[in-house]
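Positions annotated as Zn(2+) binding site by TrEMBL: 201, 269, 270. Taken from TrEMBL, the feature domain 'Hcy-binding' covers 1-284.
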């Protein structure tokens, strides 16, 4: 976020030009604990978290100022319109900090308690909530313990911006830890500061059933942003082809079905691209 801030800003701009209405900060795996382990001071680590939001906000302003014929707004409407764009400050799970693959399993071990997770996330939430972001995105939540930690933190800190809770699944029934998606969604539903509940970084083929399940637990808007359908190999730290991988056209073909099931916010996670978002935007622009 210091050396490559220009590249991060350009990625945000690529998604804005593709039609994104919400851009998510590059803070998913950025933690105070992780930065300190790399030799930074806590003050420097906190500045980097704030910087992640600043970069996204800068991209939004540049987009508004320099919207061109290559932008989604111009292409679809024939003129430049200033559509609303929100900046969501990303908070990744505890496993993303560990970088041992547990973000995709939710198996943190018995030593990790509710207090452990609250202590780990508290300061990052405090900083990001006051950084100028429009909302907090709790992403790739792998178990109900971490969902409960987030819900309690939002209440304890009296966070002044809304949040969404987004879980991940590898079977289309439960979250990756094996916890019930109904129980997880219910935790988010009971949190007053959570304005949406959903699924991310999950193969597209599982989304429809998960949306239907989440609807049983909440009336809040459902956000979905699946991955490409590929599988992450934690040992190799690489994404691998697997059954169910979809291209942009196949991905977009699901949108109508997901919308009918009850989802209202759509996007893409790992291994999707601005082309994916452009295709989704075009489909949604034609919906009544």
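Quick reminder: no glycine exception, Cβ is built from N, Cα and C everywhere.
A TrEMBL annotation is a machine prediction, not a hand-curated record.
Because the structure is a prediction, the values reported are computed rather than measured.
Shown in sequence order, 140, 168, 200, 202, 225, 226, 227, 268, 271, 272 are the same-chain residues outside 201, 269, 270 whose Cβ sits within 8 Å of the Cβ centre of the Zn(2+) site. Cβ packing within 10 Å was compared across the binding-site residues 201, 269, 270, and the lowest neighbour count falls to 270.
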